[in-house]
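Report on the structure given below.
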Amino acid sequence: MNEDPQKKDEPFFKDVEFKASYGKADQIPSQGTPQIAFAGRSNAGKSSLLNAILERKSLAKVSSTPGKTKLLNFFFVNHSIYLVDLPGFGYSANSHKDHEAMMGLLMDYLNLAKDLKCLFLVCDSQRELPEEELELIGTCFERNIKPVLVRTKIDKLNQSDLSKLRKKMKNIHELYPMLETVLVSNKSGKGLPELRKIVYSLIETVKNRLERIEEIS
């Protein structure tokens, strides 16, 4: 990057707007606009993380009742890319039927979203990483989608817990050596700059592509 995208007292991403919600993956129009999606269990802090990355307080709706998000919510960032808040899955208060429906919607999206470039898999650092999440990581690699494992709420871990988490991360990276993992605390801001840079780098890629098209035409 040739310039600092964030000046003092300015948000990292200046132009952010909610665009649309979809109840089914096949309703999403193919626009050729790159997407970064946020997936994870209903209590992992997906929507809070999206708001923190974009430095907006309530862009993505955060509910006190986990599992409320049932739609694919699209946010247009810097006139370049979409950030997609996916429905949460796996919350214990939801029925098995609800869980299957949300997982089905997620997998349909992964299979049909040709513009999806990166998936932020958001996981509470206080919890074990279930097999479903590991399978999602593998699915991303198979489809040439960059997975980023985001371990949230690390401010709630003591040093002993943090040491245990790092050991578990090492085991996961032995399974997926190319996996990028970011430890995040919305409270302290730790890890947010790394995630913003991933988003910004994709915006720069789009910007450079458009400039090349203009030069050719």
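Even glycines carry a Cβ here, placed using N, Cα and C.
Swiss-Prot annotations:
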type    : residues                              : note
DOMAIN  : 32-205                                : domain 'EngB-type G'
BINDING : 40-47, 67-71, 85-88, 152-155, 184-186 : GTP binding site
BINDING : Ser47, Thr69                          : Mg(2+) binding site
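Listed in sequence order, the residues of the same chain lying 6 or more apart from Val184 (GTP binding site) and placing their CB within less than 8 Å of its CB are Leu49, Val150, Arg151, Thr152, Lys153, Ile154, Lys190, Gly191, Leu192, Leu195. Counting other Cβ atoms within 10 Å of each Cβ, the lowest count among the binding-site residues Lys46, Lys153 belongs to Lys153. According to its DSSP assignment, Lys46 (GTP binding site) is helical. Taking all protein chains in view, 22 other C-beta atoms sit within 10 angstroms of the C-beta of Pro87 (GTP binding site). Cβ packing within 10 Å was compared across the binding-site residues Asn43, Ser47, and the lowest neighbour count falls to Asn43. Leu71 (GTP binding site) sits 12 Å from Ser47 (Mg(2+) binding site), taking the Cα positions as reference. Highest Cβ count within 10 Å among the binding-site residues Gly40, Leu71: Gly40. DSSP assigns Lys153 (GTP binding site) to coil in the three-state reduction, placing it in neither a helix nor a strand. Note on the domain 'EngB-type G' (32-205): its mean pLDDT in the predicted model is 88. Under the DSSP three-state reduction, Gly40 (GTP binding site) is assigned to strand.
Secondary structure at Leu71 (GTP binding site), taken from DSSP and collapsed to helix, strand or coil, is coil.
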